[in-house]
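Undergrad: Quick one: the structure is below, and I'll ask about it shortly.
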Amino acid sequence: AQDSCAHQCGEQLATCSCQVTCQSLGICCPDYKDFCLQISPYSGTLMGGKDFLINNTAFSASSVLKCSFKRQIITSGYVDKDGKAHCISPLLYETGFIPFEISTDGSTFPYSGTWLSVHHSKVSDGEKCTLVNETKWQYYGTPNTGGNLTLTWTHQTLAATQVNIEVWGYQETGDSYSENWMAEWKYLYTLAREIPNTGKYSFIPVPAEGNYSTWDFGILRIIPSKYLDGQRQIYFLFLFFSPSNIPSIWSSEHALAWHLEKDSRNDPNAWATAKCLEWDRKEELLPNFLKEIIDCPCTLAQARADTGRFHTDYGCDIEKGSVCTYHPGAVHCVRAIQASPQYGAGQQCCYDSTGTQILTHDSTGGSTPDRGHDWGSPPFLKPPRIPGFSHWLYDVISFYYCCLWSDNCDFYMKRRPSSDCRTYRPPRAASAFGDPHFLTFDGLNFTFNGLGEYTLVESDLTSLRVQGRTQQAHFPNGTGAQGTGLSAVAMQENNTDVIEVRYSEDLSLQVLLNKRVLSFSEQTWMDLKGLYLYSTPDQNITVMFSSGSGVEIRGSGGFLTLTVLLPEMFMNHTWGLFGVMNGNPEDDYTFKNKTTMSVHASPQQVFEFGASWAIENGTSLFTYDTEFLLNSFFYGEKHNASFVPVFSPYEDPADPLVEEMVSRCGSDPFCRFDVLTTRSLQVGSSTRLSHQNHKLLVEHLEPVISCGWLEHPTNGRKNDTNYLLGSTINFTCNEGYELTGSQERTCQVSGDWSGDTPQC
């Protein structure tokens, strides 16, 4: 039908719309809600087994539902007693939004929606069953670890009186880094059958029968007892009909110490040592991934500021009490966000309480790079890019063999040495906030309070585009002020998803993905096309593009505060309101037509410069989904020439606000400007805070010189592990040995150590 959304969600039809913006514009086709599906929950683990409800579409009780994911994996759905349809998510070897479709006749799939597949470690604990005292599970059979093990779960999740508990193992088969390298989750055996669904099970583990006991990495699954053992959806790259649906509860993935062969219990150390040496021999034959991973930031301050390229490692987080089990002595670790291009490898960087990087050469608490990036990497589906599980196989289970189950950590550290920071180059930062004040990558600052939509930064290097929309500021009494503020920011790089962050009409912060409003109620981190998206609980939004560029946005004082971070490769490849990033502020007033203007230009001239960067409808990344946005920005001028702001507000000594402004703002010119133009001390305070944050960020991103790791002499020692500019390291020899060479060496501006190598 010409006005039906069947098979046509996302399309604009001749007489009506099946696009997500149709609802707020009131132009949807009559059956939009029937065919374009809303689901709850909208996300779950990539392991599958999550039952989700189709919210607004009614199906007849006799419907035979099929749910097709990516048009490749078909599972059976069902209609419950209330006439509500359900699908159950399949096992997937990837994260991100997965398109799905529903059929009621088994052959056509006119209904469609999206399911968010999530990294297993990023799913909330409540969705998984809990290994009580997880350390005991993973050290079982080693000295002083035995007795019974306990598993708990939320029993209401499964509508069953009896459940089975299954053991699954993970393996990767075929030749490493070749076309036939494949990932597989495999059902191994059933640990417990037809036990009461009480939410708790305890048992005394015994070595698994046959060759199952050689599987050392896996997971537990709880399912209703009515299903066959191991019944599941297998992932194939062709259409696959699953035998049936299985609502499941999975445990966390873990080292299966508790079911390993008898030899591992008879002599755990010897068994683990043999495994460690076998891993070491295999590593020798694999390509060297270390040469293509990014170097670590030199300091903790740099690591936490470079949010486009590094993100907190959940296993060692200063914000959560620095519980750093695998990195003793560290207070915080970060991971490189992007996997390395060829081998899909990951970088990790750990820091001590002084903010200094910890290296494995000095401590087992040092940061270790990963052959498999923990978060996986696009296009996923095959090793070494499987989220979480490839990393476990190459980097985690081997750590158990060499470091936790035996005393052979030197083998592991030899294969996974920390990178130092000698080649690390911090990104440059530019910010906009308040009645928009702009601080460019090269340090120029100015105020441009035009009304419209503008290019903030654009680059020919990666087709990066960041656009800003401003709206009129208002006085506390609600009337319009002669100033503006950022109300929306939209961005894209190459052909990635488009992200827009905006204030909605009720002044709540919204994040849009390709014009659709996102919910962070279930997930705060999302793996999207060409980018990652992260929202803190208080709605600080970070967008991380694959180039390493990062965009941070937060709401403050009714306007958005924006920071863009660009790596060094963008030098001489940017233009827009944030200027030409090249270390020289003199050319930052470069107009769209490439002419430049003196940095001593008047506020009126700066206004003309800003107006030249108005965007056009053809290149706009914004969503126009209300009458107000359509009339004001889509059909209206992109730069509203009739709006004339205050260029230099007058400080009237008789104005009672001025005294309060001085005490609130001090000498901050942006804070004073905003108090006077908006008559709001709150707006001024927000501006001052944003300005301080920007200055602090620039300070944290100052380049730091490192001279690189220094070895202690054989039969001697050194007194420090700080290898940055100005640090001096003293060497002493053990009793009975004499020192030749330099007794102390200092890190110099050239990046070299003074003196000569000491020997004992």
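Here the Cβ of each residue, glycine as well, is placed from N, Cα and C on the backbone.
Relevant sequence annotations retrieved from TrEMBL are reproduced here:
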type	residues	note
DISULFID	C733-C760	disulfide bond
DOMAIN	1-40	domain 'SMB'
DOMAIN	268-416	domain 'AMOP'
DOMAIN	428-621	domain 'VWFD'
DOMAIN	705-760	domain 'Sushi'
Undergrad: Looking only at Cβ atoms, how many others are within 10 Å of the one on C733 (disulfide bond)?
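TA: That number is 19.
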Undergrad: Within the domain 'Sushi' (705-760), what mean pLDDT does the predicted structure show?
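TA: Mean per-residue confidence for the domain 'Sushi' (705-760): 96 out of 100.
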Undergrad: Considering only the recorded stretches 1-40, 268-416, 428-621, state which has the highest number of Cβ pairs under 8 Å to the domain 'Sushi' (705-760).
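TA: Per the Cβ under 8 Å count, 268-416.
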Undergrad: Using a 10 Å cut-off, grab the number of neighbouring Cβ atoms around the Cβ of C760 (disulfide bond), all chains included.
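TA: Around the Cβ of C760 (disulfide bond), 18 other Cβ atoms lie within 10 Å.
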Undergrad: Could you break down the residues of the domain 'Sushi' (705-760) into DSSP helix, strand and coil, giving a count for each?
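TA: Reading the DSSP string over the domain 'Sushi' (705-760) gives 0 helix, 18 strand, 38 coil.
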Undergrad: Can you break down the domain 'AMOP' (268-416) into helix, strand and coil residue counts using DSSP?
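TA: Output for the domain 'AMOP' (268-416) reads 53 helix, 17 strand, 79 coil.
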Undergrad: Using DSSP, how many residues in the domain 'SMB' (1-40) fall into helix, strand and coil?
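TA: The domain 'SMB' (1-40) comes out at 8 helix, 6 strand, 26 coil.
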